[in-house]
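In what follows, a single structure is set out as structure tokens and then discussed.
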Amino acid sequence: MNGFRVLLRSNLSMLLLLALLHFQSLGLDVDSRSAAEVCATHTISPGPKGDDGERGDTGEEGKDGKVGRQGPKGVKGELGDMGAQGNIGKSGPIGKKGDKGEKGLLGIPGEKGKAGTICDCGRYRKVVGQLDISVARLKTSMKFIKNVIAGIRETEEKFYYIVQEEKNYRESLTHCRIRGGMLAMPKDEVVNTLIADYVAKSGFFRVFIGVNDLEREGQYVFTDNTPLQNYSNWKEEEPSDPSGHEDCVEMLSSGRWNDTECHLTMYFVCEFVKKKK
């Protein structure tokens, strides 16, 4: 209905315009202005909104839009099939030397050897005796070189050496270890006396030894983590650590032990295990 009214008004406006033009063509003094001027004085307002038309056909498919943001991580999928075996990798480093194996079975007896010649041992005994004397003298000379010149002390199983470089406790541990030894551990009276005599005759007053309570306060152990169960030689009223900072041990030239602070620097004694022949 609204559309019909709009159409009717539009047709009436056109009829009026045509009538004016017709009167002008007849010379009648109706209005001397042009049709454009006449129309310009009339304001044509838009009509009311019409009814919705029928829905048009579906348009063509548009272009692909921009790629959206990455979505959240999905749920872990099922385990896939085992892949083909890969190439053989590089050989790894050589492992540590294993433990010594058990003694093997006794082998088959060998063939009987050829008969030996009769020995004229008289002259050889004299040579052997002279060699024994030479070896004894050589051992005495070697002991002199070790003790006096090189400054080494030894027992049947170990060598002991005073390192005349002032280092703190941890540096002393490292120094001995990188040279194949350990900070000296006097685990019995014999070794303790040997080291104390060594220190005194070298003209020193104190040295670091391999005893500490760095792991647990008050529980002193040797540097190989064995406890002081069988032997210790503390100075009277030692160990005493009221401030809790004296976690390392020094040996005095008297052979007595004293707990001291680990950051202090002094000479120290390394021990080395003798290689078995």
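Glycine too: its Cβ is placed from the backbone N, Cα and C atoms.
Summarising the annotation, Swiss-Prot assigns signal peptide to 1-27.
What Swiss-Prot records for ASN11 (among others) is N-linked glycosylation site, and it gives sequence analysis as the kind of evidence.
Per Swiss-Prot, the feature region 'Disordered' maps to 41-103.
Among the features that Swiss-Prot reports, domain 'Collagen-like' is placed at 45-103.
What Swiss-Prot lists as compositional bias 'Basic and acidic residues' is 49-67.
Break the domain 'C-type lectin' (155-271) down by DSSP state and the numbers are 23 helix, 38 strand, 56 coil. What Swiss-Prot records for 155-271 is domain 'C-type lectin', and it gives sequence analysis as the kind of evidence.
Within 10 Å of the C-beta of CYS270 (disulfide bond) we count 22 further C-beta atoms, all protein chains included. According to Swiss-Prot, the disulfide bond annotation covers CYS176-CYS270 (among others).
Here Swiss-Prot flags CYS248-CYS262 (among others) as disulfide bond, drawing on sequence analysis.
In the shown protein chains, 17 other C-beta atoms lie within 10 A of the C-beta of ASN258 (N-linked glycosylation site). Per Swiss-Prot, N-linked glycosylation site is recorded for ASN258 (among others).
Taking the disulfide-bonded residues CYS176, CYS248 in turn, the residue surrounded by the fewest other Cβ atoms inside 10 Å of its Cβ turns out to be CYS176.
A distance of 18 Å separates the Cα atom of ASN258 (N-linked glycosylation site) from that of CYS270 (disulfide bond). The residues of the domain 'Collagen-like' (45-103), classed with DSSP into helix (H, G, I), strand (E, B) and coil, number 0 helix, 0 strand, 59 coil. The CA atom of CYS262 (disulfide bond) is located 16 Å away from the CA atom of CYS176 (disulfide bond).
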